[in-house]
Amino acid sequence: MLEKVKNIIVVLSGKGGVGKSTVSTQLSLALRKNGFKVGLLDIDLCGPSVPYLLGLEGRDIFQCDEGWVPVYTDESQTLAVMSIGFLLKNREDPVIWRGPKKTMMIRQFLTDVRWDELDYLIIDTPPGTSDEHITVMECLKEVGCHGAIIVTTPQEVALDDVRKEITFCKKTSINILGIVENMSGFVCPHCTSCTNIFSSNGGTSLANYAQVPHLGTLPIDPRVGVLAGSTTSVLDELPDSTTAEVLTHIVEKLKTIFVS
């Protein structure tokens with residue numbers, strides 16, 4: 001079902017809570033804003049947050065002869081979304097599955113979803129390097145994974161886990177497109193000045209260590225958090241923000257890497 005997808009990008013993080021799903025959703029919206037047809041696949045089975053972030057909770061998944069039909073965010077069908085969150089009756093319901101059942105579900109997401117022609121498929125993964133990640137890489141062997149974006153925060157404890165993620169990518173032959181440092185500094189909602197709360201430049205030093213591109217540094221911006229629960233892009237709502245600037249840079253970087 002991935003034959004019609006031109007470019008597949010996996011978004012990874014070594015630790016949970018670094019804003020990986022927010023980066024995935026806003027990157028998808030930014031790509032759509034730039035005229036691309038985009039798919040967003042949420043394979044974080046135990047913590048699916050994409051339906052909430054895009055305001056799609058309660059939407060139903062339908063079955064057709066070719067497989068599951070993803071949820072579209074707009075009538076023009078320029079952004080398609082698939083998540084186990086659409087299959088749960090309540091958002092609070094836990095997914096209590098052992099590894100084999102998780103593996104089977106991820107394989108079904110990657111082989112039985114009817115994606116139409118897409119320029120990009122963004123795969124939002126759970127944190128770490130678990131069965132889910134190995135299953136994704138195995139399923140993508142035939143069509144190929146075109147690269148990974150790694151999201152981290154500047155704290156040393158998060159950077160340690162990202163180093164493991166980098167090693168995982170190298171061992172599974174995934175091309176690292178770059179590292180995004182998230183939650184670096186706090187943007188005051190009143191004066192928009194940025195204050196470093198945690199350590200800073202961890203993403204830059206890590207990118208230098210791994211010899212991969214540093215795609216940008218995102219601050220904690222309360223204005224971005226307000227956009228959760230909608231399909232509004234930062235590029236539309238906050239065009240002058242640092243977040244919009246970094247996302248635009250990432251999109252331009254992807255344009256230079258991939259022939260769309």
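Each Cβ is built from the backbone N, Cα and C atoms, and glycine gets one as well.
For reference, Swiss-Prot has these:
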- Gly14, Lys15, Gly16, Gly17, Val18, Gly19, Lys20, Ser21: ATP binding site (BINDING)
- Cys188, Cys191: [4Fe-4S] cluster binding site (BINDING)
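What Swiss-Prot annotates, mapped onto the structure for a quick look.
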residue : record                        : contacts (Cβ under 8 Å, 6+ apart)
Gly14   : ATP binding site              : Pro127, Gly128, Thr129, Ile150, Thr152, Ala158, Asp160, Asp161, Val162, Arg163, Lys164, Glu165
Lys15   : ATP binding site              : Pro127, Gly128, Thr152, Thr153, Val157, Ala158, Asp161, Val162
Gly16   : ATP binding site              : Gly47, Pro126, Pro127, Gly128
Gly17   : ATP binding site              : Pro127
Val18   : ATP binding site              : Pro127, Val151, Thr152, Thr153, Ala158, Asn182, Met183
Gly19   : ATP binding site              : Val151, Thr153, Asn182, Met183, Leu218
Lys20   : ATP binding site              : Val11, Leu12, Ser13, Asp124, Thr125, Pro127, Val151, Asn182
Ser21   : ATP binding site              : Asp42, Asp44, Ser49, Val50, Leu53, Asp124
Cys188  : [4Fe-4S] cluster binding site : Cys194, Thr195
Cys191  : [4Fe-4S] cluster binding site : none
Environment of Gly14, Lys15, Gly16, Gly17, Val18, Gly19, Lys20, Ser21, the listed ATP site - residues of the same chain whose CB lies within 8 A of the CB centroid:
Ser13, Pro127, Val151, Thr153, Ala158, Asn182
Could you tell me which three-state DSSP class Ser21 (ATP binding site) falls into?
helix
